[in-house]
Amino acid sequence: MVEILDYTKALEVLKEYPGDGLHVDTLLDSDSHGALTYNDFLILPGSITFPASDVSLETRVTRRFTIKAPLLSSPMDTVTEHSMAIHMALLGGLGVIHNNCPPDEQAEMVRKVKRYENGFIQDPIVLSPETTVGEAKELKTKWGFGGFPVTEKGTLHSKLLGIVTSRDIQFHKNHEDPVTAVMATDLVTAPAGTTLAEANEVLRSSKKGKLPIVDKDGSLISLLSRSDLMKNIHYPLASKLPSKQLLCAAAISTHDADKVRLQKLVDAGLDIVVVDSSQGHSTFQIAMIKYIKQNFPDIDVIGGNIVTREQAAALIAAGADGLRIGMGSGSACITQEVMAAGRPQAAAVRSVSAFAARFGVPTIADGGVQNLGHIVKGLALGASAVMMGSLLAGTTESPGEYFMSSEGQLVKAFRGMGSIAVMEDKSKSGAGNNAGASRYFSENDKVKVAQGVAGSVIDRGSITQYVPYLVAGVQHSLQDIGVQNLDALREGVNNGTVRFEMRSASAQTEGNVHGLHTHEKKLYSS
């Protein structure tokens, strides 16, 4: 007969047992059961002692840059252009602008991100007295905002005459009239030396849309915008520099020709460059990383893609500030099938991240993310952040138009950068290198070997609702695991207090919806 113990001694008796579940190294012992991916395991729950709202997701994405939501959008031409990059940054993540376009077009997208939100705007668009109403309307259409200061010479450090707002020009019929005929001259200004906090307070109380900062001679030296003040209130997690500009990243290839592209991106205000290649351990990438670090020391470099410690060591030694992990795991990628090269994502993320952490280099788990749980698993295995392609491709902010599928569903086009559709598309790359062909070392091949496919993804609405769902979901997951931030998650995994369990095929079936005649899978409400 089994002895029934005193229930008050339960915690004491528990000490007689080894920890439930598996240590991460046992879980990922490929000698025992082969390499794993995200669906092959679960994280065991811990103890909840705090609300989910107290969970911090702040993380480093490179050596120098920190973001508050560990989410990045992929540099694919059906995922990230300026609209996606702006909104990812506003929501605490980071968008990486694709390079399958002419350099000037990509630089213009970077410029739009950097101009979207500011503290003191040090390089505002300034009009001269000769600028016409029509020209002001064109500038508003180009940049997506109105409210342009007018100075005597049409430049900064020239005497301020007035401000032209969207309301001033919206219904003005004569496009040939000078802006001086419609501009506002009853301005509230602040003197040089005013702090940002003081200037924001003046802006709040003035009820004006813009606050020009002027020197003792009345010359314009910078500008503050009410819309930026409102963005600070509405987007508290925004990824920003101390100057209050949004953080911006963009991709380039490993080709020497892209050194010119890089210069244009830097001139536009780029913060982080992603050297984009399907196989990052190449002499071309190593040379490009060294070139960037030598010539642009203020720009952080993310190298990749890689899946082994050996690849990681080469890029870290070259000076990479961050690493992108994943080869053949993306939803639109067929590299593993066609090239017989790659690695299951869970094994790759753990191996590379554990090694890179010894050098203080953050890693990004790129590919294989099919749902919210996969994001958490990538982070638990050591990634500082997770990069998404197909999960974001169907959102309002991704490039392209919605269309109706043959099944009557609203969808958007989505294609892997290794697909023939990208490699043969000359409409985006223009006269420059095709980014898809460059990424897969195929630009000079007579026969293009596809490493990706083209298709469509279902409408996911706006990322202004979708990304907050992902953030809240990760917070609740960490609460279930019993850790309050990502550093604690990684520390718990490394020291064995955060435990794992393998999943059989039957366990995976059990852990999904089953046994219902019909069901509706609604992921979130807001």
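A Cβ is built for glycine as well, from the same backbone N, Cα and C atoms used for every other residue.
Record features (Swiss-Prot):
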{"type": "ACT_SITE", "residues": "C333", "note": "active site, thioimidate intermediate"}
{"type": "BINDING", "residues": "D276, S277, S278, G326, M327, G328", "note": "NAD(+) binding site"}
{"type": "BINDING", "residues": "G328, G330, C333, S506", "note": "K(+) binding site"}
{"type": "REGION", "residues": "506-526", "note": "region 'Disordered'"}
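Sequence features, as recorded in Swiss-Prot, placed on the structure.
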{"residue": "G326", "record": "NAD(+) binding site", "contacts (Cβ under 8 Å, 6+ apart)": "G304, N305, V307, Q345, A348, A365, D366, G367, G368, M387"}
{"residue": "M327", "record": "NAD(+) binding site", "contacts (Cβ under 8 Å, 6+ apart)": "S278, Q279, N305, I306, V307, T335, Q336, A341, G342, R343, A348, G367"}
{"residue": "S506", "record": "K(+) binding site", "contacts (Cβ under 8 Å, 6+ apart)": "none"}
Fill in the CA-CA distance, D276 (NAD(+) binding site) to the residue listed as 'active site, thioimidate intermediate', as an integer in Å.
15
Under DSSP, the region 'Disordered' (506-526) has how many residues in helix, strand and coil?
5 helix, 0 strand, 16 coil
Pairwise Cα distance for C333 (active site, thioimidate intermediate)/S277 (NAD(+) binding site) [Å, integer]
13
By a simple count, how many Cβ atoms lie within 10 Å of the Cβ of G328 (NAD(+) binding site), its own Cβ left out?
26
I need the most crowded of these binding-site residues: S277, S278. Count other C-beta atoms within 10 angstroms of each C-beta and give me the top one.
S278
Across D276, C333, listed as recorded positions, the smallest other-CB tally within 10 A is for C333
